[in-house]
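Annotated in Swiss-Prot:
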{"type": "BINDING", "residues": "G74, T77", "note": "Na(+) binding site"}
{"type": "TRANSMEM", "residues": "1-21", "note": "transmembrane segment"}
{"type": "TRANSMEM", "residues": "35-55", "note": "transmembrane segment"}
{"type": "TRANSMEM", "residues": "67-87", "note": "transmembrane segment"}
{"type": "TRANSMEM", "residues": "98-118", "note": "transmembrane segment"}
Amino acid sequence: MYAFFTIFIGGGLGAVSRHYLSVYLMRMTAINAPWAILLINLLGCLGIGFFSAYLSRLTHAQLWQWFLLTGFLGGFTTYSTFTLNLIQLGEIHLASAFLNLFLHLGGGILCCFVGFWLARAV
């Protein structure tokens, strides 16, 4: 039951954080939804890389792993919204859709690697 509630609370907080951060980014900058989701997903990749490496060094980190990795970052990042935004962007401008796809995948892998590297340096 600990896992259920820990993931449930983390996922809810992650989803709400994603929503408000995307609204904030779109209001405070000139970017639209696909690019706001890109930034959020990259931040999430950095976070999941960092926290997975950092928490793996702790002996009693299972609740934190459930809360942060599965829950919060699972709710914060979103593959389904990414794919929907990608298709919508592709209907408007195909080159931008491919750029967005490349930045999500390449940037996500890079950010996850940097997160691992940062955690090992701490």
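Just so you know, glycine gets a Cβ as well, placed from its N, Cα and C.
Simply put, out of 1-21, 67-87, 98-118, 98-118 has the most Cβ pairs sitting under 8 Å from the transmembrane segment (35-55). Distant neighbours of the transmembrane segment (67-87): 6-18, 33-34, 37-38, 40-41, 43-45, 47-48, 51-52, 55, 97, 100-101, 104; these residues of the same chain sit at least 6 beyond its ends, with a Cβ under 8 Å from one of its Cβ atoms.
Through the fold, the transmembrane segment (1-21) approaches residues 36, 40, 63, 66-68, 70-78 of its own chain, all at least 6 residues removed from its boundaries and within a Cβ separation under 8 Å.
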